[in-house]
Each structure stands twice: as C-alpha cells, then as structure tokens.
Amino acid sequence: MEATAASTSLPDPGDFDRNVPRICGVCGDRATGFHFNAMTCEGCKGFFRRSMKRKALFTCPFNGDCRITKDNRRHCQACRLKRCVDIGMMKEFILTDEEVQRKREMIMKRKEEEALKDSLRPKLSEEQQHIIAILLDAHHKTYDPTYADFRDFRPPVRMDGSTGSYSPRPTLSFSGNSSSSSSDLYTTSLDMMEPSGFSNLDLNGEDSDDPSVTLDLSPLSMLPHLADLVSYSIQKVIGFAKMIPGFRDLTSDDQIVLLKSSAIEVIMLRSNQSFTMDDMSWDCGSQDYKYDVTDVSKAGHTLELIEPLIKFQVGLKKLNLHEEEHVLLMAICIVSPDRPGVQDAKLVEAIQDRLSNTLQTYIRCRHPPPGSHQLYAKMIQKLADLRSLNEEHSKQYRSLSFQPENSMKLTPLVLEVFGNEIS
C-alpha cells in the first residue's frame, strides 16, 4: 500500500484500449499503469521507489547483463534496477513522505467533498419518476412521428393548384348537421379512451369524382387541409391531457376550460418536433406534408402570427430540450390555474406545482451544463410567448371564421374549441 501511495502516475495509454494487455517493461509481469514515467507492475514500482529512497547500490553477482523475468526478478537487484532506469523510470517522480501524506489528505478531502455534493444533489423521487414515465407514455401514444394519418385529411393544395403526389384517398365529410351541438362533440372527444380520429367526422371511401374531393384553388387553398390537421391535433392533445397525473381529478367543466384555452399552445409546442431550422418549415414525413410560411398564410394567417410563431419555434428548438422536459412543459401548459373560467383554481395549481417541481428537479439532476443554465426560466418564458401567440391566433381565427365561406371549411371540433363566429 505504501508503494501505491508514493507513486505518481501519468495518463495510461492502455486506457484507450483495454483489450491490449499491458506488460511491465522491467520483468514482463502484468502492468498496472505508468509509474515514475514507465509502464510497470506493482512489484517493480515498489522496488524502484525503495531503491531510490535508500540510495541503494547493488552489484551484479554475474556479468551485469541478467535477463529479468517475473520469476527471477528478486535474484539480481542490480540488473533489475538498471532495467528500471533503462525503460525510463525517474527518481524525480518519487514523492517524499511529506508529499505522500499531503496527497493522501487531498484524496481523502476530495472524496469527502464529492460525498457531500452527492448527498446535497437533488434526486428525482419515485413519484416524480412515475410522473415522467406516465407523461412519456402519454406522448408516445398520442404523437405519431410517421404522420401516417395525414393521408386521411383533405389534401394540401398549394398556390399552383398541385397536391403533390395526391391520389384518391378516403375523404373526410361532416356527418349530419355541422351546426349540431358542438359541446356534445367536444365532451365525446374528451371521454374517448384513445382518441385516434375525428369524433365528429366519418371516413368514407368515395370515388375521386365525388364533389367532396374537388380541389380548393381559392386564396385560402390550404385551409381545409390544415383545418383537418388542427382538428386531428386537438384530438391528440385531449388524449395526452387525460393521462396527465391529476387531470382526471378535475371537474369536467374545468377539464374542458383548460383544454379549450391551451389547445393551440400545446399544438404549437408539439409541432416543434417536426420543425426544422434548415428551411424554417415543419417536415411531417414527405414533401406533401412539409409546411412552410406560405402554406400557413394560405390557411388564412398573416405575418402578425407567422413571424412570432417561427421565432418561437427557433427559440424552443435551440433549448435542446430532453423529451422528458418537453412532455412536462406540455403538461404544465395545459394545467394552468390562471385560465379564464377555471373554477377550482387551487386544485389546478396543486397539480401544476407538482409538475413544475418535477421539471425543476429533472433539470438539476439530468440536464448537464451549460444547457441547463437558467433552463427552467427559459422554458417558463416560452409559456408566456405561447400566451401571446394564442391571443394573436384567436384574433385571426375570429376574423377568418366570421366569413361563412371559410367557416364551412373548418371542422365542428375546431369551431367548438376556437369558437364559432357564425350564429
């Protein structure tokens, strides 16, 4: 043990490839690392240290050219020491007794400090780990990264009237009277165990010459397709929200209020997964479903919404959130006690506090610096940005839906969640 403590070891090249056997340069035994500037075993390291400290003078009883091996290294100390020097071992690397003691004390102090840091470092509780696991599962069940369901929407129509590789697919048509009770439709959507389609729409396999597939070449040609996309996304947000721990403890009225007020914000948050900063677009699997600023404008939105939306997407992307942080942020966004119309604000706040504490603890535990620097504050600022985007979206939506020719292209669920300006 004394020999070990007195050693000064250099970085060991053998650490880069542990499959390569390390051999002592003195006797050929298994080496344990670089000691006193050479690769040696523990035995030869200790022998060299003792010899140098004692200033020992050895004489070879033979011809001064003994071959040193693991088995005979004790037979000729002179040739063993000569071999140590020949391979580069240096007495300058040997610590004095005082230096050895200081080194031991430093090592002990460092271990104690690390143990203290570890004891003070926040850890995710079992409950917090459970919350994260539930939210991850909820997200995976309600977000399809293949975007396969987009093929069931009314086709995207760009300004040249093309629909890309569009071919006749099952088309979406309203069932019954679109002015029927949309509150019932919304409540039905909320109660669905796994919302996977439009509760208010029927899929039918009409032929391509059916009037319902007539391509819209109006200035708002992308409105039907993006209305279906938003309606689909609302269903998925509902499915995600229902799995948030504590959300089901709220009254149905509060659940609906929270979902109506946060739906577009969560859709914007979720869309960040498909957003690419290469060309500032949302890439949803194919060229047909790659959406840029022009596409959004052809659904009736202006630069007053689009520009801050793009800025928001870029800023959120640059945070490089872990998936765990992303799902927690979505849940916190939904469960906000300050939404207008919330009745049991205290219960909503308690649920949100639990989610917020989990997020803060996760960041401290799992998100290494420098990315974690003020990350929680930056994420909360993103929620504030979403409120502004929500307000502008509502303003533009009201203007859009006030026109019957546009309102009729929306789905009942969209009209219910965002409001129907047509009486």
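Every residue, even glycine, has its Cβ placed from backbone N, Cα and C.
The zinc finger feature in Swiss-Prot is assigned to 24-44 (among others); the stated evidence is sequence analysis. The helix, strand and coil residue counts that DSSP assigns across the zinc finger (24-44) are 3 helix, 7 strand, 11 coil.
Annotated Zn(2+) 1 binding site per Swiss-Prot: C24, C27, C41, C44, in sequence order. Neighbour count (other Cβ atoms within 10 Å of the Cβ, all protein chains): 23 for C27 (Zn(2+) 1 binding site).
Residues or ranges marked as zinc finger in Swiss-Prot: 60-84 (among others). With DSSP classes pooled into helix, strand and coil, the tally for the zinc finger (60-84) is 8 helix, 0 strand, 17 coil.
With DSSP states grouped into helix (H, G, I), strand (E, B) and coil, the region 'Hinge' (97-126) comes out at 25 helix, 0 strand, 5 coil. The region 'Hinge' feature in Swiss-Prot is assigned to 97-126; the stated evidence is similarity to another entry.
What Swiss-Prot records for 127-419 is domain 'NR LBD'.
Residues or ranges marked as calcitriol binding site in Swiss-Prot: Y143, S233, R270, S274, H301, H393. When secondary structure is read from DSSP and collapsed to three states, Y143 (calcitriol binding site) falls in the coil class.
Annotation source Swiss-Prot lists region 'Disordered' at 159-180.
What Swiss-Prot lists as compositional bias 'Low complexity' is 171-180.
What Swiss-Prot records for 412-420 is motif '9aaTAD'.
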Request  = Check the Cα-Cα distances from H301 (calcitriol binding site) to the binding-site residues C24, C27, C44 and tell me which is shortest.
outcome  = C24
Query = Counting only residues 6+ apart in the same chain, whose Cβ is under 8 Å from the Cβ of Y143 (calcitriol binding site)?
reply = K236, F240, R270, Q273
Inquiry  = Using the alpha carbons only, what distance in Å do you get between C44 (Zn(2+) 1 binding site) and H393 (calcitriol binding site) once rounded?
reply    = 77
Query = Rounded to the nearest angstrom, how far is the Cα of S274 (calcitriol binding site) from the Cα of C41 (Zn(2+) 1 binding site)?
reply = 56
Ask   = Hey, for the Zn(2+) 1 site built from C24, C27, C41, C44, who else sits with CB inside 8 A of the CB center?
value = G25, V26, G28, D29, A31, T40, E42, G43, K45, K70, R73
Key: Distance from S274 (calcitriol binding site) back to C27 (Zn(2+) 1 binding site), taken between C-alpha atoms, in Å   = 61
